[in-house]
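K.L.:
Got a structure for you, questions after.
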Amino acid sequence: MAAGEREGRDYLQRHRIPELLQRLGELLLYHRPERPREFLIQVLERVKAGKRDVGEYPYLMDEGNLAAMFSLLDVVGQGHITAAQYREALKTLGLSTEDLQFGDDVNITLDVFKEEVKKKMLASWAVY
């Protein structure tokens with residue numbers, strides 16, 4: 001690999017550009033806006049505002065989506081899921097499973113699930 005190519009790859013990784021582009025692509029496919037360029041500009045402005053704590057980061061999953069995901073995991077309708085199911089949900093959403101606060105013996109309710117997933121989503125946008 002040439003030095004210039006290596007430097008380019010290092011730059012992309014250091015600034016997490018592949019992950020950012022993947023997220024932007026996911027948002028485009030989810031929302032399918034009529035004016036994609038303007039939509040992307042608005043998303044990036046929301047990320048910038050979120051970093052300054054004057055706005056919210058863009059979310060791919062809203063409250064309804066999170067509730068639906070939880071109900072798919074809670075197939076028997078017990079009102080909770082296991083920590084292992086929670087970890088798998090995070091992986092499915094492309095979110096970090098590092099620094100989880102729940103042991104394997106903990107049951108996670110819908111409210112805790114939504115709150116924790118939102119925190120993880122915020123943390124994932126904050127790195128850009």
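Placed from the backbone N, Cα and C atoms, the Cβ positions cover glycine too.
The model shown is predicted, which means the values in this text are computed figures rather than measured ones.
So TrEMBL lists the following for this protein:
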- 61-96: domain 'EF-hand' (DOMAIN)
K.L.:
By Cβ distance under 8 Å, which residues at least 6 away from the ends of the domain 'EF-hand' (61-96) in the same chain are close to it?
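P.N.:
Contacts of the domain 'EF-hand' (61-96) (Cβ under 8 Å, skipping residues fewer than 6 from its ends): 22, 102-110, 113-114, 116-118, 120-121, 123-124.
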K.L.:
By DSSP, what is the split of the domain 'EF-hand' (61-96) into helix, strand and coil residues?
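P.N.:
Per DSSP, the residues of the domain 'EF-hand' (61-96) fall into 21 helix, 3 strand, 12 coil.
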